[in-house]
4 protein chains.
Amino acid sequence: MCGIVGLVSSGPVNQQVYDALALLQHRGQDSTGIATAEGRVLHMAKAKGQVREAYRTRDMRSLLGNSGLGHVRYATRGTASSEEEAQPFYVNAPYGIILVHNGNLTNTRELTRELNEVDRRHLNTNSDTELLVNVLAHELQQQVTISTDLDPDQVFAAISRVHERVEGSYAAIALIAGHGLLAFRDPFGIRPLVLGRRLSESGQHEWVVASESLVLEAGDYEIVRDIAPGEAVFISQSGELISRQCAANPRLIPCSFEYVYLARPDSIMNGISVYEARLRLGDRLANTIAEYAPTGDIDVVMPIPDSSRPAAMQVAQKLGIEYREGFYKNRYVGRTFIMPGQAERKKSVKQKLNAMSSEFRGKNILIVDDSIVRGTTSKEIVEMARSAGAHSVTFTSAAPPVRYPHVYGINMPTSNELVAHGRKIPDIARELGADHLIYQEVADMQSAIIEGSDITELEMSCFTGDYVTGSVSPEYLTWVEANQNS
Amino acid sequence: MCGIVGLVSSGPVNQQVYDALALLQHRGQDSTGIATAEGRVLHMAKAKGQVREAYRTRDMRSLLGNSGLGHVRYATRGTASSEEEAQPFYVNAPYGIILVHNGNLTNTRELTRELNEVDRRHLNTNSDTELLVNVLAHELQQQVTISTDLDPDQVFAAISRVHERVEGSYAAIALIAGHGLLAFRDPFGIRPLVLGRRLSESGQHEWVVASESLVLEAGDYEIVRDIAPGEAVFISQSGELISRQCAANPRLIPCSFEYVYLARPDSIMNGISVYEARLRLGDRLANTIAEYAPTGDIDVVMPIPDSSRPAAMQVAQKLGIEYREGFYKNRYVGRTFIMPGQAERKKSVKQKLNAMSSEFRGKNILIVDDSIVRGTTSKEIVEMARSAGAHSVTFTSAAPPVRYPHVYGINMPTSNELVAHGRKIPDIARELGADHLIYQEVADMQSAIIEGSDITELEMSCFTGDYVTGSVSPEYLTWVEANQNS
Amino acid sequence: MCGIVGLVSSGPVNQQVYDALALLQHRGQDSTGIATAEGRVLHMAKAKGQVREAYRTRDMRSLLGNSGLGHVRYATRGTASSEEEAQPFYVNAPYGIILVHNGNLTNTRELTRELNEVDRRHLNTNSDTELLVNVLAHELQQQVTISTDLDPDQVFAAISRVHERVEGSYAAIALIAGHGLLAFRDPFGIRPLVLGRRLSESGQHEWVVASESLVLEAGDYEIVRDIAPGEAVFISQSGELISRQCAANPRLIPCSFEYVYLARPDSIMNGISVYEARLRLGDRLANTIAEYAPTGDIDVVMPIPDSSRPAAMQVAQKLGIEYREGFYKNRYVGRTFIMPGQAERKKSVKQKLNAMSSEFRGKNILIVDDSIVRGTTSKEIVEMARSAGAHSVTFTSAAPPVRYPHVYGINMPTSNELVAHGRKIPDIARELGADHLIYQEVADMQSAIIEGSDITELEMSCFTGDYVTGSVSPEYLTWVEANQNS
Amino acid sequence: MCGIVGLVSSGPVNQQVYDALALLQHRGQDSTGIATAEGRVLHMAKAKGQVREAYRTRDMRSLLGNSGLGHVRYATRGTASSEEEAQPFYVNAPYGIILVHNGNLTNTRELTRELNEVDRRHLNTNSDTELLVNVLAHELQQQVTISTDLDPDQVFAAISRVHERVEGSYAAIALIAGHGLLAFRDPFGIRPLVLGRRLSESGQHEWVVASESLVLEAGDYEIVRDIAPGEAVFISQSGELISRQCAANPRLIPCSFEYVYLARPDSIMNGISVYEARLRLGDRLANTIAEYAPTGDIDVVMPIPDSSRPAAMQVAQKLGIEYREGFYKNRYVGRTFIMPGQAERKKSVKQKLNAMSSEFRGKNILIVDDSIVRGTTSKEIVEMARSAGAHSVTFTSAAPPVRYPHVYGINMPTSNELVAHGRKIPDIARELGADHLIYQEVADMQSAIIEGSDITELEMSCFTGDYVTGSVSPEYLTWVEANQNS
């Protein structure tokens, strides 16, 4: 999970990129980076932690220039070298390219071999972003001629080659030093990327591309459109935009998890309001609950703050049951320091949630969560409700059972750690300690999300096991699980 | 606004104090400090910013010892020296005392004069906490005898003198080096302080005192009771607790603003659940709304997240109007960097809140906020609702109009900046741009908060102008406003 | 070993204190601190390491005010808590006192007991400076009256009591908040302290007190005089100076080691030029060499840079032997990082010195060092000379054999680690591997240092075993060696 | 002025590179960088300031691997972007190359144009080192074939092309990721580079290349030889060394300034001991002094510590005049902090040198300095001698008059700032305020340095105006002075 943004402006962009990253902070909090282009000169700063902690005034002062890009990153567990894998990644030939990426490549083994043995390029980390920028650099190098300077046609030709060589999900933004900003999206448009425009006070076009539309709204940009699957957009330093479809068979199949959990509710992606998609997920879930659960004696419907609130509100309204907020979310979670001679503390959901017992005592509770992944949090929530005095607990999930790994850029545990992997629903209910357990149906999730839009397909592999890119074989999944890092 | 905690444990307290401060973070985010006692040796670390950012591993490793205390601070505007005013404050004679304080003293001018000219003690800052620890040290010094070591009677005698000399609000915790932990509360109990106990695995009593009970709950402490107004509690390093009433005429008059806005809903203070008090504030507000506002055409009731959610939920239920969450709160707000040659950005509520337009379009909205202070935020919220498409906006406040300064430890603007200062309600409505404006009645607020408890009086001076401590004269209020710092 | 400075100026002193500390850096490189007084407000910054590394711009900007003091410190081995022992030390009553100290107290056990059990003051560290400031504070507290503000008579009375209670060496400087700067020296004047004065551009007197006169010279101050043994000097914030003899039987017995090794050659202390004292040490040493060593075949005289250069130059001239510099001193010595799984490196004199082999090959070398303490360095130097090709090595020391602990503020190993402890000179020569070994005679050292001055006695206990303060008994020396910290 | 080192070892090299850089610290103190190769992965850390201050433990822990390189840098004035110009520089294709460089390229304008317009590589700074690594990378890229991995022949072919394209001075060391370490020197061998070898405990060859031989000596390496002009040496990660002459017409013309001033005296360069060269410079200077100066009444010969000591000692001996050290060098020079509202302090030689007045009073002084560049320091030294009481001051320079810019990597002021530029010696003497002024003759300097070696030519352009590389035209010198940066 990552968030990206790129800007071509008529004035300094450092604070604008910073502000955009703060708005995308929910997409990744482990590290962050900003790069800017000041004519031919690139400036970069990256650091661990949240945006607010990561940048010092002197970093910001060094980020000169009117175009720039930024990244927030959610690192995967066990990545010792995670600091060196912070984005953006830079290559100095041809032209100087600096790139940020949201997504996950699935043919990394083939690409690594090719780059090492054929292209003879250096890969300093295990990051798939370093692979992506090197493939792009190599293909752009092939286009270089002595007689002419960089031409957008050359850029688009290189992106076409990238689409041929690279598999997986990738929404990416790059600065090409001295030339402009390039944004492109994989041929299935799995990860989001939206384009915005505004006029500067002096009448110049200013452009933004970002993972979520709320960045545009906050900056008073007009939403132009989503970058299309397979499309590349090149914006020169002076603000001219040229775009081209660079994929052979583009097909829009966006990731369903953005709507279920990842994106902010006030974003619009691929023409679909995330907030309204969540309301519809609540509506459909209410139907399934009504059909399968004994709702007659339910006293209250409760969300797990913050992401399941819209679905829960809709479930309550549709079932005609009172909506109450019995869980309080603690916003300020501290660190655990390892002291010599002390054992490490157990992580507990109690650090993040607290139950208001007056809302639970003696009641039959229906809890709505956005999804159930490992199940450990859900289990603790059920326990918390019971020890606050709940008489019975019905647990519901606005998403279907998560049964397969997610390989397109959402961090998830391995199959064996998924509570729904290889289990039937009653077994899962027993595992969670819930009196009843209701999941959204797969078809309902799909129709709830795409209703009213032009979209016909969704990337739902973690629910169905069907992967859209060719390189995802059972052998690949086994390898990924053994070498977890994205 | 500050949060404090003190612990006497059977093992290292550094991580426990840290965790408690993270839970109290909502009470102050500008600076924080921790001190611990390791036998006779005191250790201290303080820094700017939130708990999570402020402490490094090496700070934590130096905070050795089984008793300790901590502080989170909300600094007042314009305090250039704010870093030097970070708590705790330390004096090395007698015995070595280190103290944290929540509240605000109101006879600071007299105390400063006495300490400088009579007691001949050094005050290095304008902090009233430095005054408090020096008065305590001076009075304890008067009790010192050559023949005997420190005795709790001496401590209680000193606290009695503190109550005689000091006016204002103060909940305070101190470590006396080599002896123990001292906690005391002003004779009106204006600011909260609650006592908890648990048994260690080895069967020893472990104690905690904290601003809010949720700290106790999170640490599996049993709530023993609130520290009484005027009472002092002394806990030796080995865990013996002795307490004594040290004030001549104690009277419990707790601050109403804790219930309205400051405290976390899952806290219980002075026997009153904050969450339930907020639900009751919603109930009473619903009555007033029903009486004075044209509610017939209201489509939805909306809270301003997070603090007005319980009241709003109750208003919706009681009025039988649909409850919807149309505002989304942005959790990650970045900093503004001052770049050479760039103008400073205007602060805007848009950085903190976003409106989901589908919930507003064409509707008549009833907004519930916890209180209205300056009115600038409320005005922006009304504008935001309108530009999201609201047909009409009724604005309601779960607290009465704030018309007077708060001098007991809640940071507030000067009178002239209060939107309700010297204005009638229709004028305020016009100022905010609201179609209708309904405030809670003062009597309703009081009865809502104290219902079902033993409390008969509440500190409500910012609503009524009646101050319980003698030193708060009109001349004092004028001086405070001219020399704003608490 | 420490260096101290105090300043009362007509403008900001932060940079002046900083510059003075850089000039005193040779007296201690482990930690440093600066405090300033801005009216009644004190500011302080302290940190580990050398002056150049320790202070950041923001530290310096916070050190406001026209009077101030500073400290550089040479920490003793094995002091885990050394960071908390960094100077200055502050007490807030009476008045607010902040103090720096060069020297070492010898009745620390008695003082600790009195302060804990009688004065009831808190000692947070094992630092004897914390003892000193607390004795001073306690005695000044006894002088406080309600009716009058601080009077210099009260200060001098307190210093008289300090002289009665405290034993050992102490040159100290303190700021008394809101009043002025106080400097005093123990009744034997063991450690140096010199007073300087200049006129500001506006005609105001500006004052400096410092460990060494070069600080005065660098700041264009006129040397007024050394602070006398037992004397105290009080300089008000506006520049009035009052001084008084506060000791019953003052007697000037300055530390000989300042002249032998510690002080910079361009300093004048107690009326004696350090440089010229070193030249005279060379003259006398030449006589002893001529008498006892076979000098006929010596080819060259060589110093160990930098401190023995003057003595060596004089030895060469007087013996009529060629003077050559065959050792090169490496100025930039790095740190040793402890890597997981790697053994610690052996410290070697090779990191600090290098031999130019052409100066050694086939020659008979006479090496002059300032003194021999542990002997390990001397032994390595002899080896280095031999492996550079020396035919024979005569090792000479401008100071007599160091046979006893130094308890007055020069860091030295315990007796057993002194190569001359309990050994005859031929045995020491064998230990060092030298062909011949000549030491300065004790009487010659004394007469060389004091020649031409008014001084009649020198503190030479580490050469003679005679200690001038009463508390230094064999039992004390045993205790010190077991609890090494100064 | 810079110092470089490279190591191929059988164990971790981080501490070894660090130690070597501390030994080379005299060659540059503005910034420093280290890179290591751990198989195919490169690690890098760079920072401002001296080696001792620049690296933290966590930097060192991240510098894993058994081969590595390092750099210390003397930044030129006015380089705002100097932090971004810190070395090493990295390019990721082909293979991954990371390079450090001592020297200065003189056809930077042509190279920049070619790289931008023909090779299409990105130059992010004005550093000539970035040019060098990009030319190397481009030429190595031309050698890449799909069928075979990197071969030393390819490397040597690329270096041959580098020699053809690049003009100026360059001693350089590079790591080629996954392959080995490469060291090469320009076809005139202007800047030094020496090769050393030792056997590890397990019998493996370990290699070092460094700017100065003292690094080898300190690490117990045997000096193998200097890298020849135009030669390239490639050492594989497993320790096999292959070398080849890659230049068409190599000719050894080393920089004379290394011997005059820059190098440490205990280094041997191009077969010449720096220390002995300086002694010989003293001998020849003595002859010239005897011929031209009235030496009859000179009382003492004095060096300016530390670099002119050998020459001065030799002048004294040869003229039969007493040698005295009257100047003391202050080792610890602090920083100047810019405080709001305060004027910047004048830099003065008094911060660095102090005069012992007893050595000057009433005497006729002959001062020996290594060279005279701007003349401002010399002038202050003459003044200092006079105000310390000197009767007359004869100033002498062990190097000839510096009259032309140095373009091969020694930082020097522009022509107009050179005191000898366009001035006759009596005019310079008047400028410096010296009674007499004697310079070394150009021919004497050359013969003194090369005596006893195989060298026949020296780079002496700053004394003679004759530059060995073709691109140094008057037009170039004018451009350099207008765009000072090396």
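Glycine too: its Cβ is placed from the backbone N, Cα and C atoms.
These numbers come from a predicted model, not from an experiment.
Listed in TrEMBL for this protein:
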type     : residues                     : note
ACT_SITE : C:CYS2                       : active site, nucleophile
DOMAIN   : C:2-238                      : domain 'Glutamine amidotransferase type-2'
BINDING  : C:SER307, C:ASP369, C:ASP370 : Mg(2+) binding site
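Mapped onto this structure are the features recorded in TrEMBL.
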residue: C:CYS2; record: active site, nucleophile; DSSP (3 states): strand
residue: C:SER307; record: Mg(2+) binding site; DSSP (3 states): coil
residue: C:ASP369; record: Mg(2+) binding site; DSSP (3 states): strand
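Remark: C:SER307 (Mg(2+) binding site) has C:TYR261, C:PRO265, C:ARG278, C:ASP370 as non-local neighbours, by Cβ distance under 8 Å and separation of at least 6 in sequence. In the predicted structure, the domain 'Glutamine amidotransferase type-2' (C:2-238) carries a mean pLDDT of 93.
The separation of C:CYS2 (active site, nucleophile) from C:ASP369 (Mg(2+) binding site), Cα to Cα, is 22 Å. Proximity to chain D, taken as a Cβ less than 8 Å from one of its Cβ atoms, holds for none of the recorded positions C:CYS2, C:SER307, C:ASP369, C:ASP370. Non-local contacts of the residue listed as 'active site, nucleophile' by the CB criterion (under 8 A, 6+ apart in sequence, same chain) comprise C:ARG27, C:GLY28, C:HIS71, C:VAL72, C:ARG73, C:TYR74, C:GLN87, C:VAL100, C:HIS101, C:ASN102, C:GLY103, C:SER211, C:GLY409.
When the binding-site residues C:ASP369, C:ASP370 are compared by the number of other C-beta atoms lying within 10 angstroms of their own C-beta, C:ASP369 comes out lowest.
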